[in-house]
């Protein structure tokens with residue numbers, strides 16, 4: 001007999017917003033300002049429709065039909081893109097921006113990778129259903145039918161393609177299909193009850209997501225590797241103070257881009273988690289960082305291979 005997992009088993013580390021730590025993490029995500037702005041607005045509308053209603057009263061009092069169209073969008077946002085593109089870090093921290101923007105407290109429920117299950121019959125369906133049960137239970141207590149929500153809940157499912165593969169896939173197990181159906185039902189439950197909650201899905205494999213899941217997305221934000229301008233901003237902002245001149249930074253920008261037509265450039269995480277620490281460690285503890293040593297480091301480093309998105 002299957003036992004419903006506890007709240008702590010499903011969500012090992014719930015995060016409350018606003019808070020300084022996620023605010024700082026969000027600020028460190030340079031080069032993604034457009035995605036930050038877009039996602040915070042979308043989630044703000046989903047978890048606190050009162051905000052846009054007040055905006056409409058002030059600026060467009062006769063635009064009820066247009067506003068209703070915006071508010072009827074399903075409470076799901078998909079963040080899709082290559083590995084190391086910043087989508088998971090953004091999903092884990094954007095709640096802080098939304099909480100400050102809407103002036104409400106928000107709790108993030110990140111679905112633990114350890115809860116994917118061991119393949120027992122009915123387990124995936126049970127896990128997905130339980131995740132939505134806890135999300136809906138918490139959001140229902142925060143609902144306010146007469147004004148601004150008293151708070152909100154964000155359910156984050158990382159590596160979402162593991163939960164929501166296309167039911168059209170001939171190799172898909174019956175149990176997986178049932179898990180997808182449970183996910184779709186969960187999205188519909190939040191929408192139908194008009195709860196202050198939204199679901200964030202992160203995936204490397206957008207094409208693998210079930211069409212019904214994609215149709216329920218209020219927005220699909222795509223993430224790619226940083227272009228020249230983004231890499232320049234990232235490298236310049238992170239390396240300021242190390243004595244590297246503009247010519248050296250430009251050379252680092254070039255070397256972290258595609259080195260031939262068939263090769264990808266560096267990801268955001270390649271630069272922030274591998275390259276910059278390696279530049280510092282190459283000099284530490286007896287030497288200052290030099291242009292020569294920095295260029296040596298980047299020349300020896302290869303970017304993370306591109307993820308091939310297949311159905």
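Using the three backbone atoms N, Cα and C, a Cβ is placed for every residue, glycine included.
Marked as ATP binding site by Swiss-Prot: 84, 85, 86, 87, 88, 89, 215, 216.
Location within the structure of each feature annotated in Swiss-Prot.
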residue : record           : contacts (Cβ under 8 Å, 6+ apart)
84      : ATP binding site : 225, 267, 268, 269, 270, 304
85      : ATP binding site : 223, 224, 225, 267, 268, 269
86      : ATP binding site : 29, 31, 32, 223, 268, 269
87      : ATP binding site : 79, 80, 81, 202, 221, 223
88      : ATP binding site : 79, 158, 202
89      : ATP binding site : 25, 29
215     : ATP binding site : none
216     : ATP binding site : 74, 76, 184, 187, 188
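DSSP assigns residue 87 (ATP binding site) to a helical segment in the three-state reduction.
The record assigns 84, 85, 86, 87, 88, 89, 215, 216 to the ATP site; their largest pairwise CA distance measures 26 Å.
Residue 216 (ATP binding site) falls outside any helix or strand according to DSSP and counts as coil.
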